[in-house]
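Worksheet: one structure, shown below.
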Amino acid sequence: MGHYITGFLLALQFFSVLPVKKELKMEKNDVTAMYAVLPLIGMLFGAILAITAFGVREYTDSSSLLLAFLIVLLSAVMTGGLHLDGLADAGDAFFSYQEREKRLEIMEDPRIGAFGTLVLLLVIIGKIFVIAEVIMTVPILLVAIIPLLSRSGLLLLFSLTKTAKETGLAAFFRQHMDLKKIGVAAFVYVMATGILLLFVTGWLTAVGLVAGLLLSFFCYRKWCLRHFGGVTGDLSGAYVEGVEWLLWIVVLLLI
């Protein structure tokens with residue numbers, strides 16, 4: 001149990017803006033637990049978003065566009081912009097059309113380029129408009145479930161895809177975790193969330209969301225291996241942002 005408490009605190013420390021000012025162990029069991037609870041961190045963020053959405057939707061006359069903007073803004077604030085930073089770096093690297101090693105170097109550059117800016121704006125604006133189209137009518141619990149699903153997909157990606165480099169934080173984490181346990185945890189999260197969605201949205205949307213998540217995982221994994229040789233921290237962040245946009249598009253099409 002102690003490993004999961006440490007893992008939960010590590011997940012908050014690395015993947016959120018919440019201050020955890022404590023030196024924590026980074027042994028194999030702790031790193032494994034950190035990733036195992038990552039979807040729960042997503043659900044925690046999602047719960048905050050859902051409560052916010054419910055309050056604004058039910059007790060104010062705010063427009064759907066403003067509410068969608070608040071959801072996207074709060075999501076970025078709670079993660080400290082971590083995933084958006086990864087998305088921008090991935091955009092700069094991919095659209096440089098350089099060789100694999102050069103792309104990895106570009107991702108390490110802290111400066112944002114033109115292509116990273118364009119990708120960032122496209123995803124943020126696209127996400128806001130798609131959410132705005134559905135946020136007034138969807139079950140409010142769905143707002144909490146999508147961040148849970150995106151982190152479950154991230155577990156699948158990270159446990160089943162080699163890292164592009166042998167150095168860096170992503171490589172360190174992958175070398176210090178039980179990949180089999182993370183893969184099993186990801187499968188359990190996806191199946192359990194799918195069952196929950198059956199009651200929240202009905203079978204069509206539930207199947208569509210789970211299928212969209214799995215399809216995005218397979219396609220993104222293949223893309224990462226082809227263009228970067230594996231996954232990195234930035235590519236992981238880009239996946240979370242991209243798959244959440246995709247899942248909202250599925251909701252728009254099916255609800």
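In case you wondered, yes, glycine gets a Cβ from its N, Cα and C as well.
Source: prediction; values computed, not measured.
What TrEMBL says about this protein:
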TRANSMEM  31-54  transmembrane segment
TRANSMEM  66-91  transmembrane segment
TRANSMEM  112-132  transmembrane segment
TRANSMEM  138-161  transmembrane segment
TRANSMEM  182-215  transmembrane segment
Same-chain residue ranges lying at least 6 outside the transmembrane segment (66-91) that approach it to Cβ under 8 Å: 15-18, 45, 48-49, 52-53, 56-57, 106-107, 109, 112, 115-120, 123-124, 127-132, 135-136, 143, 147, 233-238, 240-242
Other parts of the chain folded back onto the transmembrane segment (138-161), taken as Cβ under 8 Å at six or more residues beyond its ends: 35-36, 38-43, 45-47, 49-50, 53-54, 57, 71, 75, 170, 173-174, 179-180, 182-183, 185-187, 189-190, 193, 196-197, 200-201, 209-210, 213-214, 216-217, 220-221, 224-225, 230-231, 236, 239-240, 243-244, 247-248, 251, 255
